[in-house]
């Protein structure tokens, strides 16, 4: 246990998961150390680009977002979990918090298809993430594009 207050996590995560909620497709949580808790830094819609805009170079953050994946035969909602430790973090002790806290956060945010750890915005490339989601997704009908 990390000793961090995660009470503000479940509600916004439920908003991202809710199919009827068209206003919230992502949430970004910031790690606060005085007192130790996660707080909502940003939430909204707009996909990966808005998630990236909310990530801070000198912060520890967690992001959770909804995306659509699939092929012409089947489109499915997928969820991505990102742990972020910006390259601008100067205190090694703060970076160490990530390894302790990440497991606790994943106990609350436990519905995701892929998990990424990033330290630079260059680590978060839409096409690469889509490929990872597709690989993790199971069925792929793209090989059969003609009907029998």
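The backbone N, Cα and C atoms fix where each Cβ goes, and this holds for glycine too.
Annotated by Swiss-Prot as motif 'F-loop', the relevant range among 71-76, 77-82, 83-88, 89-94 is 71-76. The residues of the domain 'ADF-H' (1-134), classed with DSSP into helix (H, G, I), strand (E, B) and coil, number 45 helix, 45 strand, 44 coil. For the domain 'ADF-H' (1-134), the model gives a mean pLDDT of 93.
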